[in-house]
Amino acid sequence: MNIFYFSAEVEPFAKSGGLGDVMGALPKAVAAEGHNVYVVMPYYCDVIKKEYKTKLTYEGYFYTDVNWRHQYVGVLSLKQEGVTYYFLDNEFYFHGPMYCFADNERFAYFAKASLDLVCWLNVKADILHCNDWSTGLIPVLRHAFYQDAPQLARSKVVYTIHNLRYQGWMSVEQALDLTGLSDWYFTWDRLLENGSANVMKGAIVFSNTVTTVSPSYAWEITQSRYSEGLGEVINKYRYKTIGILNGVDYSVYDPAQDKLILANYNGRNPKQGKETNKTALQLELNLPINAEKAMIGVISRLVDQKGLDILAQAAEEILQQDVQMVILGTGDSRYEEMMRELARRHPDKVSANIYFDNTLAHKIYAACDFMLVPSVFEPCGLTQLIALKYGAVPVVRETGGLKDTVLSYNEQTQEGNGFSFAECNAHDLAFTVRRALGFYHTQKGVYRTIQRRGMKQDFSWAESSRKYLNVYQNLLD
Ligand code: GLC
């Protein structure tokens, strides 16, 4: 099959969150099955590191029409691990940060240029796999303008929702101006939602299969609590929607191989390695050095989705106990300030690192005894999967992918690979952390069993990529 992936972020070139991780890993896994895989992303000239820029090959250029705008598209490429990456270059649109206020126009351009790229390359595409609202115009524009393009004639569109919260809203006026679509597209059963154009909605309507990144999230978004206002269209197209759990790239995240951590270790005997990593991190972050201290990690975008409001309410109660807490991430200033304030009040217990640092992230996974992921909603979540592999027992709220991957320890059956709570409130969070710490302090054997069980689990991409291939195959049959 000729499979094209379209994404606003792709690891290792440009990433702001889990979408980048998925687009870094899934195409490689699919290519390993023997398919022709192409990944298309914007050429963010100020974001992509020099070490990658210098490797790119200039393929040529063409012009694309963003309605009345006639715009340059430079094409750069890179072949790596069986995948061909295409970077679409237009400095006017993609200088500066990855995301900005002008995203509606930037991603309208990217969608149009992406479809033109397939034609320009003259590859007969089988699958166009789009991701999140930023590529959501691709199915719509394909429907409107590419019915006769031979390169796209047999192609089917898969649209993956990584996060329903970001939908790509614009006024109908702006949408008309950016796309040149006819009025036919702006009705309540197509792009129109509450009087405005909604790209996410259009993508759901005009793709052949909709996927989301965990089975539980696929179900949750049919419910008003999680549907972000799009419940009607989601339920209407439920028949073509499926949840496929993301995997982890163990070539990047494996404590036995990880070069970014001080001591490597595996699931057979994690204790010594983890303690070495813990004391090293305590030294680095200026926390009291003590290998026995229970260390809890929070690595997260600091946005309300991540359950930081209940964490704020529960923090004092958690910090009354004998613990250390290491926080890493950036986001909304109110949460950044909240984390800094916690560290100011508890300098001997909390280290708040309000920036993003990949090396530090690896060190935290390797050092921590627990990772906290109290999300309000979580389409899949990667933190808990990495945490499992690194023996940092996850403590999570039961939602989306967290619910599908973390089973709370049950004293009767002695099953479980972590700890979880159902309702989104501070009380249950604090109680669950207290429960987890109880095992850590007074029933070490149980803690170690839970820890090792998680480390042995396999959430690699092999299984997930097979499920995507199934989806592709079914569409083409
Ligand atoms: C989004 C979701 C996250 C998911 C990721 C990759 O960032 O918030 O839960 O893991 O996309 O699919």
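Just so you know, glycine gets a Cβ as well, placed from its N, Cα and C.
Per TrEMBL, the features are as follows:
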- K15: ADP-alpha-D-glucose binding site (BINDING)
- 2-235: domain 'Starch synthase catalytic' (DOMAIN)
- 288-437: domain 'Glycosyl transferase family 1' (DOMAIN)
Far apart in sequence but close in space: which same-chain residues, 6 or more away, have a Cβ under 8 Å from K15 (ADP-alpha-D-glucose binding site)? E9, D21, G24
Please give the average pLDDT for the domain 'Glycosyl transferase family 1' (288-437) in this predicted model. 97
Could you break down the residues of the domain 'Glycosyl transferase family 1' (288-437) into DSSP helix, strand and coil, giving a count for each? 63 helix, 32 strand, 55 coil
